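All remarks here apply to the structure that follows.
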Amino acid sequence: MIKKLGLNFKNTKKVTNELKQRIASVVIALIIFRIGSFIPIPGIDTTILSRILNDQKGTIIEMFNMFSGGALSRASIFALGIMPYISSSIIIQLLTLVIPSLSEIKKEGEVGRTKINQYTRYTTLVLALFQSIGIVTSLPKISGMNQIIIHPDFYFYFTAIIILVTGTMFLMWLGELITECGIGNGISIIIFIGIIAGLPSAIVHTIEQTRQGDLHILLFLCVLILIFSVVFLVVFIERSQRKIIIHYAQRQKGRRIYSTQSTHLPLKINMAGVIPAIFASSVVLFPVTIISWFGIDRKCYLLKTIFFYFQPNQPLYLILYVFSIIFFCFFYTGLVFNPRETADNLKKSGGFISGIRPGEQTAKYINKIMIRLTLFGSLYIAFICLIPEFMRSAMNVPFYFGGTSLLIVVVVIMDFIAQIQTLIMSSQYESVLKKANLN
């Protein structure tokens, strides 16, 4: 196969060495991340914090703690995790829609992308600062955490805030370093490692339950089959595309006449990714988190009712969760894909869709297809996110992953494999072009 592609041993060795270096860079960066997640902030009693967080099942705190690889429950220097960066990225994307100057910067290509990334970093710093101040100052006010700070003086608060902000900025830099020198999206890989950090212990616990008879062996096998089926569905949907055929009219360049060419515009079914699931979880779990985290008096009938009906296994929670996912899918897809802009670019490049007039009609046609795809994609995300809830409540199965986490894990693995394939294929094409004296 190597000979057919025109590759020699020297080039193959070069690709292998580059791949090894990139994978080594990712591994080293992730080892640093995991070590940092075990370094505690000085002055906090981590035993009290860990005990309180163990009671925060089915809240935003549990989800954020999972994303940080347990760093939040250990009050580590990476307790804030990478969430401020994700939030700032979405905020900047929103601002590019409402602020004309930012919209123009976005269209400037590589230079504009660099500026947008810089604004995202500044916003991350501001968000991390506000979040760290909020967390550190509110810790003693939380029910059961009166003694969590050993010496609650100015020096502690100042040091803790600086450490948390620095930890988040370091993770952001580490993620960008992985993206540049490693393989895949660095931020996604950091979240991925945070999620799977507790997977080995969860697997051992499930196997132990099966061995002791607490979990029937047939039910265990059914769960395994269901998990593999869900993973297959996620891979299938994430790789699926709706291709719109684009034609380019006959054109003349010098003495050469180029005939009509055709290509396609690929539209992913789930263009919004996992962001809608994260936002939907945060919004729906917010009331329970506030009541549980700050110990609001549950004797109040209204608060008691809210706390009960917003539990993850309640019908109201599930209905609101599904509708939130659908809403955020449409909302975020509108941010990342603009049919009118796509139609204008096609018109400028001489492309058109058969039977559709260029310009406004093309934009409406693409938008119509996107609405259908987004609806299907949102229902798919909702289905994936509800499966773990069903397994926990109806089947009484201890499932470590939530639907959001499962989506992130599978999508990141797919992206990682795709990046490796791209690296290998690009090297193969380069070798073929050199051998044919085309490069």
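Backbone N, Cα and C define each Cβ position, glycine as well.
On a predicted model such as this, the values are computed, not experimentally measured, just so you know.
What Swiss-Prot records for 23-43, 77-97, 125-145, 154-174, 187-207, 217-237, 274-294, 317-337, 369-389, 397-417 is transmembrane segment, and it gives sequence analysis as the kind of evidence.
When Cβ distances are compared across the two stretches, the transmembrane segment (77-97) makes no contact with the transmembrane segment (217-237), since fewer than 3 pairs at least 6 residues apart fall below 8 angstroms. If one looks beyond the transmembrane segment (317-337) by at least 6 residues along the same chain, the residues whose Cβ comes under 8 Å of a Cβ in the stretch are 90, 93-94, 97, 267, 271-273, 275-277, 279-281, 283-284, 309-311, 370, 374-375, 377-379, 381-382, 385-386, 389. Among the recorded stretches 154-174, 187-207, 217-237, 369-389, the one sharing the largest number of Cβ pairs closer than 8 Å with the transmembrane segment (23-43) is 154-174.
Against the transmembrane segment (369-389), stretch 217-237 has more CB pairs under 8 A than any other of 154-174, 187-207, 217-237. Long-range Cβ contacts of the transmembrane segment (187-207) within its own chain (Cβ-Cβ under 8 Å, at least 6 residues beyond either end) map to 26, 30, 33-34, 37, 66-71, 81-82, 85-86, 171-172, 174-176, 178-179, 215, 220, 398, 400-401, 405, 408-409, 411-413, 415-416.
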